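Trainee: Got a structure for you, questions after.
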Amino acid sequence: MILVTEVSHALLCLPQCPEWNVILCDARADVLSLACCCGPAGCALCCGCCPKFRQSRSTRFMYALYFILVALLCCVMMSKTMPKEMKEHIPFYEDLCKGIKAGDTCQNLVGYSAVYRVCFGMACFFFIFCLLTLKINNSKSCRAHIHNGFWFFKLLLLGAMCSGAFFIPDQETFLNAWRYVGAIGAFIFIGIQLILLVEFAHKWNKNWTAGTASNKLWYASLALVTLVMYSIAAGGFILMAVFYTQKDGCVENKILLGANGGLCLLISLVAILPCVQNRQPNSGLLQSGLISCYVTYLTFSALSSKPVELVLDDRGKNVTICVPDFGQDLYRDENLVTGLGTTLLIACILYSCLTSTTRASSDALQGRYAAPELEVARCCFCFGPDGEDTEEQQNVKEGPRVIYDEKKGTVYSYSYFHFVFFLASLYVMMTVTNWFNYESANIETFFSRSWSIFWVKMASCWICVLLYLWTLVAPLCCPSRQFSV
């Protein structure tokens, strides 16, 4: 494995002249293919026109690609039109289904039960690697090489585990038990993202506040951003009150809007209380404004997912109330909505997985934060002041397309990375199958209204507020402990 990588490096470091390229073209292609399949080299080695890749990023990119493939497969399995299309366009489709014992029309390979089995295989795949990569601090160890390489064999293993889940005995008991495991894991995944959102709000305010000591313009930036976020939150609640409530009826919507609006006002007042300011000087309206915006978004999303209310009008016909009149047109083009919904789902999950597995996010979940005096105010505060690994980039101007940025140690927790993707697998399973309304779920009704989705979003909204409130009042409740955000 190491030999393959070194040979590939030697080939890539040769002079870039036409004669060398002609002579070494075939040998280089063979070695690079072998390096991508077995060695720790990233797949950017296979393309000379690709930008330079850090090894840590290329590894995470490959695991994310595997995740996308399985997630798209789950979406295809939840499509009610897919079996019909395959039957019409694939010759001997019914004979093939009978040959693999998947039913007359492969009905065992579609629907929520098939998604549960495939996600079980993907979750087991990431959970095994989570255990395999425990306590890895050196990228040169044997287990680290397994994590960073052998992509072809990992793809075979993932496919085998997803396929093997269809042969688990006593499928009914397995599906019933796995459903609850999936719900627990999905809620944990949501919880991790909410914790990181609250941590992000505190980090943002602390970073920009650090700049006010040297440049008073940071005060203006803080004030402007805070004003914009509160304007968005207030405008959002006003628009929801206009479109999702009526003079008569819509009592539930009125209560929810009043309660969530009151929570936004509550966290804003608590954030500027003198007792809170004394224990946490970095607490301010910027964090509460960001949380208020998120609460506004979740409230809108929950109301959009709530089943419509039907009443009889003067003519005796059923009419919908408490929803915008233009809202019904959003669900007419099923293909557009399905494609948009699937893309947004996968994009949001990938963003959550990749951002929550950085070293800074991992430390934040464990309560470790950078010292305030080390903060350097900058607009893009999520990155280092000079970017990541600038020294590596300066030293590697020619040669390999992969920058080995883990020579001194791992730049992220391998085990935690796989654990987050394990939870994300369960979240995909529950989301695609419409949570607890799985029996009637299909991908064409991804944006359909259901009570389970409504309550999941409302619960997420309230948990986010409670987490933020706890970061404010915890120093007051436990004065002997040291809190740092």
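Placement of Cβ uses the backbone N, Cα and C atoms for every residue, glycine included.
TrEMBL does not curate its annotations; it predicts them automatically.
TrEMBL lists 61-79, 114-134, 146-168, 180-198, 218-243, 255-273, 285-303, 336-354, 411-432, 452-473 with the feature transmembrane segment.
In the displayed structure, how are the listed features positioned relative to their neighbours?
Mentor: If you look at the transmembrane segment (114-134), the same-chain residues 6 or more away from its ends with a CB under 8 A from one of its CBs are 67, 70, 73-74, 77-78, 108, 143-144, 146-147, 157-158, 161-166, 168, 175, 178-179, 182, 185, 414-415, 417-419, 421-422, 425-426, 428-429, 432-433.
Here the transmembrane segment (180-198) has Cβ contacts under 8 Å with residues 116, 119, 123, 287, 290-291, 294, 352, 355-356, 361, 364-365, 420, 422-427, 429-431, 435-436, 456, 460, 463-464, 467-468, 471 of the same chain, all six or more residues outside its ends.
For the transmembrane segment (218-243), the residues of the chain that approach it from at least six positions outside its boundaries are 205, 208-209, 211-212, 253-254, 257, 260-261, 264, 284-286, 289-290, 292-293, 295-297, 299-300, 303, 323-324, 377, judged by C-beta separation under 8 angstroms.
A Cβ distance under 8 Å defines the sequence-distant neighbours of the transmembrane segment (255-273), meaning residues of its chain 6+ beyond its ends; these are 233, 237, 240-241, 244-245, 283-285, 287-289, 291-292, 295-296, 299, 302-303, 458, 461-462, 465, 468-469, 472-473.
Packing against the transmembrane segment (285-303) from elsewhere in the chain are residues 197-198, 200-202, 204-205, 208, 222, 225-226, 229-230, 232-233, 236-237, 240, 244, 253, 256-257, 260, 263-264, 267-268, 270-272, 454, 457-458, 460-461, 464-465, 468: each is 6 or more residues past its ends and has a CB under 8 Å from a CB in it.
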